[in-house]
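J.: Let me give you the structure first, and then I'll get to my questions.
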């Protein structure tokens, strides 16, 4: 039964008691969990447990804030705003929640779309290059096609994030973009796999059909990249919007786990003869079957997340001067936010920038590098005359990446248990007496997330510094596998840190895009953990009573922009990596492309790599290691901010 107004007022008058209770007993309100279901409008969904959402505490906080200001005569019921920025006055309805019987199940459902995203990326990155070659696209033009990835990430994610931040859809701000984006991805994948058949329906001239087929395939790849980036942007922001600070690290860890599973499924699907399983039902080639499976995967995984998660609904935004600029305001808003990033968020972005200059050549050329190393040093003489050198090289490289993905997956499960959460000291833990001494001793030696992230950079840089010295397939495979744990940290740490910083900005009441942020003290953090909400304005908004001047900023509302900006710092290094790789290949591998040895349409592409001379990809990996070294020091700066 919903608490009465008088009861809430009584709690509000005892604000100090509430704060003290929050500090020492963060679970003490569990017996009241779900008490206000009638008021939150979330009855149709499975509510969070007491760690994720406690409506009562939100109402206590709102009542306390309202009671603390006797001169507050604002009667705009349900409005939550930052008093330091009158333009940011928003009205919300409902409470975010995820279906599921346990924390683990809720985390899986919340991040389930990540499974389809990574599977689709794997299919595209592994198999699209030989497919484009088979259509007759030249090597130089094929390299230009892959600008689609960083270009789409640079443009789509921040724009989609900014637009979604202000969406008033009844379905929420993020889920419509996830579902619509997934549909576009699926249709684009099918168009990519069956390009020749589609063009053949409309064009009869053979030469014209060949040219149009290449054009349609390239456009389909761009459509896949742009739409899947929209899904990624919305999915990341959804996690930040739904999870409280105490759960942000867990959410990022689960996202990393499902990402690793998606990669493993993708590599395994490529290694399996799908024709033996499906026959010609899904197409007459392996690539066609993979596009059908990937289309089904992205659709089904996105629908699972969309159907099991409910969002807080943005009802209205009042007196926002940014509206005057129309849609162009998005670009100005993004640029202004970049220029005025809070110090810690800026440091996270800088660390991501240098790290991804190192990761780009590994992710893009890793499979080919292992395959080239095999053909340089280990291939039997009778295998050098293979008619499908590119295919053989891809399968050899994929073998090492399957192991790498397995290590990434294991790391995604174990590292969160071995790494201290950034918020572990924000509240007093009370484990059972029987195991308290063991847990305290173990806790003392657990590294924090920042240290683990730095060690990931160290491990990755060390492995890539050795890449030019890899003279056997086994050694190259070992180096690739070593990168499994660093990749887990690369996918986990920046997302977790950014989610925490965005939430702190919201609860702290700092102005968006300024440097006014300061870490919350233990009382504030404990109280916030007890509320178990992403930010104060996500609490249940009652249409019949005022929330007063809640102590809340708008940064949580703009999580889409912040994650879009993080993605900008992820994609610009890919352009830089492409430029560096082009120079290296021009010097050490003139006239060849690292992805195309043995798989093209001319005699040159049927040659196997010679063992003399340096491997151009190894040099790119070595340069990446130098950038990863810079990332170590960039990450270390977070300790002092």
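FYI, residue positions are counted from 1 along the chain as it appears here.
Note: Cβ is positioned from N, Cα and C throughout, glycine not excepted.
The annotation region 'Disordered' is assigned in TrEMBL to 1-98, 529-554. Marked as compositional bias 'Basic and acidic residues' by TrEMBL: 10-22, 529-541. Taken from TrEMBL, the feature transmembrane segment covers 104-123, 143-164, 176-194, 214-239, 260-278, 290-309, 353-371, 401-419, 449-469, 475-500, 561-588, 616-635.
Any idea what these are sitting next to in the structure?
T.: Only residues 6 or more beyond the boundaries of the transmembrane segment (401-419), in the same chain, are considered here, and those with a CB under 8 A from a CB of the stretch are 249-250, 253, 256-257, 259-261, 263-264, 267-268, 271, 366-367, 370, 446-449, 452, 477, 480-481, 483-485, 487-489, 491-492.
If one looks beyond the transmembrane segment (561-588) by at least 6 residues along the same chain, the residues whose Cβ comes under 8 Å of a Cβ in the stretch are 143, 146-147, 149-151, 153-154, 157-162, 165, 229, 232-233, 236-237, 240, 333-334, 337-338, 341, 345, 348-350, 352-354, 356-357, 359-361, 364-365, 494, 498, 502, 555, 594, 613-616, 619-620, 623-624, 627.
Sequence-distant contacts of the transmembrane segment (616-635), counting only residues of its own chain at least 6 positions beyond either end whose CB sits under 8 Å from a CB of the stretch, comprise 347, 350-351, 353-355, 357-362, 365, 368-369, 372, 450, 453-454, 457-458, 460-465, 467-468, 470, 573, 577, 580-581, 584-585, 587-589, 594.
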J.: Cβ under 8 Å to the transmembrane segment (143-164), counting only same-chain residues 6 or more beyond its ends: which ones?
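T.: Apart from its flanks, the transmembrane segment (143-164) reaches 128-129, 132, 137, 173-174, 177, 218, 221-222, 225-226, 228-230, 232-234, 237, 330-331, 333-334, 364, 558-565, 567-568, 570-572, 574-575, 578, 582, 593.
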J.: Which of 176-194, 353-371, 475-500 shares the most C-beta pairs under 8 angstroms with the transmembrane segment (290-309)?
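T.: Selected stretch: 176-194, with the most Cβ pairs under 8 Å.
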J.: Using a Cβ cut-off under 8 Å, which residues of the same chain at least 6 positions beyond either end of the transmembrane segment (176-194) come close to it?
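T.: Distal contacts: 113, 116, 120, 123, 128, 131, 160, 164, 167, 169, 216-217, 220-221, 223-224, 227-228, 230-231, 233-235, 238, 283, 287-288, 290-292, 294-296, 298-299, 301-303, 305-306.
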J.: So which of 104-123, 353-371, 449-469 is most in touch with the transmembrane segment (475-500), counting Cβ pairs under 8 Å?
T.: 449-469
J.: Are there residues at least six beyond either end of the transmembrane segment (353-371) with Cβ under 8 Å to its Cβ atoms? List them, or say none.
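T.: Apart from its flanks, the transmembrane segment (353-371) reaches 125-126, 146, 392-401, 457, 460-461, 464, 467, 473, 476-477, 480, 483, 487, 490, 569-570, 572-574, 576-578, 580-581, 594-595, 597, 615, 617-618, 620-621, 623-628, 630-631, 634-635.
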J.: State the residues, same chain only, that lie 6 or more residues beyond the ends of the transmembrane segment (449-469) and have a CB under 8 A from a CB inside it; answer 'none' if no residue qualifies.
T.: 249, 351, 355, 358-359, 362, 369, 415, 419-422, 475-476, 479, 482-483, 485-490, 493-494, 496-497, 614-615, 617-619, 621-622, 624-626, 628-629, 631-632, 635-636, 638-639
